[in-house]
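Take a look at the structure set out below.
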Amino acid sequence: MENQKKSSNLLFVLFLILSVSSSAFGQLKTDFYKNTCPNVESLVRSAVRLKFQQTFVTAPATLRLFFHDCFVRGCDASMLLASPNGKAEKDHPDNLSLAGDGFDTVVKAKAAVDSDSKCRNKVSCADILALATREVVAMTGGPFYPVELGRRDGKISTLTSVQHQLPGEGFNLDQLNTMFARRGLSQTDMIALSGAHTLGFSHCNRVSKRLYNFSPKSSIDPTLNKAYVAQLKQMCPLRVDPRIAINMDPTTPNTFDNAYYKNLQQGKGLFVSDQILFTDSRSRNTVNFFASNNDAFKQAFATAMTNLGRVGVLTGNQGEIRFDCTRPN
């Protein structure tokens with residue numbers, strides 16, 4: 001009887017936790033602004049398109065900014081807040097490689113939305129970032145998916161809140177799954193979201209260990225394709241400037257497609273955390289499935305982005321609608 005009571009109490013606590021987190025994203029809806037700013041999507045789209053025409057980096061930078069923002073304190077645009085003394089989320093070493101074009105995309109889209117008198121100060125920076133992300137995915141060949149809206153902006157952004165909140169390039173499958181599961185994301189979501197590495201670039205310092213100093217047994221990571229090693233060593237010779245950029249996807253770096261998974265099948269994942277998705281038998285089937293079916297990948301990515309966009313959201317009277325995305329009101 002006592003055990004039964006304990007387990008029912010535990011179930012009730014679990015139910016409460018789940019209902020609190022789901023009630024927040026339960027308030028998100030695709031037509032949230034239908035009365036206050038009905039043309040929000042086209043305003044954001046025009047601004048993002050203009051920015052994208054200026055530089056391709058707009059796409060990977062915005063996508064990565066959204067991911068980093070949602071993983072730290074939830075999707076509340078706290079990653080956009082600046083701090084006069086360099087103590088904000090964006091100042092953490094894990095975020096210093098976020099390209100400025102991502103931040104600029106949101107600032108420009110916010111200005112476009114606020115230029116419509118009906119919309120001024122009605123749409124959150126968090127929602128603008130979510131919409132801008134969908135636009136860059138679609139503009140580069142990825143899926144055009146409905147975006148749930150109604151997020152509010154966070155007022156807090158600290159350096160310490162980033163610690164241990166973002167996946168590392170050396171993570172194994174268990175570490176990846178644990179970190180994503182904490183945010184309500186499944187292994188399939190995690191593998192689909194990793195496919196965002198089909199766009200954009202990293203830097204030599206992030207990959208040099210796999211090329212020159214992998215382990216006591218082998219200086220080169222044995223899971224790396226030999227021809228790819230030669231290619232990477234050419235781009236990243238020993239003692240090269242660590243900021244030299246290298247494409248995440250060596251085949252189609254400017255197209256949102258399933259080439260990322262085909263690369264993994266050939267040992268061409270840039271990070272350990274990429275390649276592990278194929279080398280670990282527990283995730284290999286999903287990699288093979290996405291590699292063989294671009295539409296299935298795009299569908300899984302759209303679902304995963306919706307799930308990611310619900311992580312830790314502020315709704316209702318929580319947070320605020322920031323007038324300036326870089327500072328609290």
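Backbone N, Cα and C atoms are what each Cβ position is placed from, and that goes for glycine too.
Database features (TrEMBL):
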type	residues	note
ACT_SITE	His68	active site, proton acceptor
BINDING	Pro167	substrate binding site
BINDING	Thr198, Asp249, Thr252, Asp257	Ca(2+) 2 binding site
DISULFID	Cys37-Cys119	disulfide bond
DISULFID	Cys70-Cys75	disulfide bond
DISULFID	Cys125-Cys325	disulfide bond
DISULFID	Cys204-Cys236	disulfide bond
DOMAIN	27-329	domain 'Plant heme peroxidase family profile'
SIGNAL	1-26	signal peptide
Surrounding the recorded Ca(2+) 2 site, with Cβ no more than 8 Å from the Cβ centroid of Thr198, Asp249, Thr252, Asp257 and those residues left out, we find Leu199, Thr251, Pro253, Asn254, Thr255, Phe256, Asn258, Ala259, Tyr260
Nearest by Cα to Cys325 (disulfide bond), of the binding-site residues Thr198, Asp249, Thr252, Asp257, is Thr198
Argmin Cα dist to Pro167 (substrate binding site) over the recorded positions Cys37, His68, Cys125 returns His68
Those recorded positions from His68, Thr198, Asp249, Thr252, Asp257 that fall inside 10 A of Cys75 (disulfide bond) by CA distance are His68
Checking the binding-site residues Asp249, Asp257 for other Cβ atoms within 10 Å of each Cβ, the smallest tally belongs to Asp257
If you rank the disulfide-bonded residues Cys70, Cys75, Cys119, Cys125, Cys325 by how many other Cβ atoms lie within 10 Å of their Cβ, the lowest count goes to Cys119
Going by C-beta under 8 A and a gap of 6 or more residues, the same-chain neighbours of the residue listed as 'active site, proton acceptor' are Met79, Asp94, Asn95, Leu98, Leu166
Rounding to whole Å, the Cα atoms of Cys119 (disulfide bond) and Thr252 (Ca(2+) 2 binding site) are apart by 38
The recorded positions listed are Cys37, Cys70, Cys125, Asp249; by CA-CA distance, the one closest to Cys204 (disulfide bond) is Asp249
